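What follows is a set of notes on a single structure, which appears directly below.
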Ligand SMILES: *[C@@H]1O[C@H](CO)[C@@H](O)[C@H](O)[C@H]1NC(C)=O
């Protein structure tokens, strides 16, 4: 007779092994994956990160989840985070020809742009008067290239006319 037909052959052992692997697989699947950007691993646990607009005042413990508190009035955090404090909004300094095009809030940063008649220059990381760029041509080609290369900064195409517009 074939060996497989005998009792205590390799088949029961294989079945037992199969059952063991199945059980292990179930265990792995039940363990929560801590790969989401809304979670972090701490003390062998998978805990909640803080939502945008809040910072983490305490990490989770073995018995409690993370403690999240809202950012202050001039602060923000735009990601799910484990930060122990919020980021301060940047200043759009009018003395440097900057103006806020988006004031920002607890979940989004403030965005500055050059005022009318100025364009963003990557060389100085500052706003330059359009006339300095192309005398007699205003905000023509060379300035436009410099503006587009720097996201979040722009100048109006026609100096002194109209209100600032995002590129
Ligand atoms: C915060 O500002 C962003 C960007 O302007 C906007 O999308 C969002 O709706 C604002 N959130 C609140 C709560 O006002």
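The backbone N, Cα and C atoms fix where each Cβ goes, glycine too.
The disulfide bond annotation in TrEMBL covers 47-60, 50-68. Annotated domain 'TNFR-Cys' per TrEMBL: 33-68, in sequence order. The feature repeat 'TNFR-Cys' is assigned by TrEMBL to 33-68. The annotation signal peptide is assigned in TrEMBL to 1-29.
Cα separation, residue 47 (disulfide bond) to residue 68 (disulfide bond), rounded: 12 Å.
Outside the repeat 'TNFR-Cys' (33-68), and at least 6 residues removed from its termini, the chain residues within Cβ reach (under 8 Å) are 76-86, 105-107. When DSSP labels each residue, the domain 'TNFR-Cys' (33-68) comes out as 0 helix, 16 strand, 20 coil, counted as helix, strand and coil in that order. Rounded to a whole value, the Cα-Cα separation of residue 68 (disulfide bond) and residue 60 (disulfide bond) is 10 Å. Summary for the disulfide-bonded residues 47, 50, 60: the Cβ-based neighbour count within 10 Å is maximal at 50.
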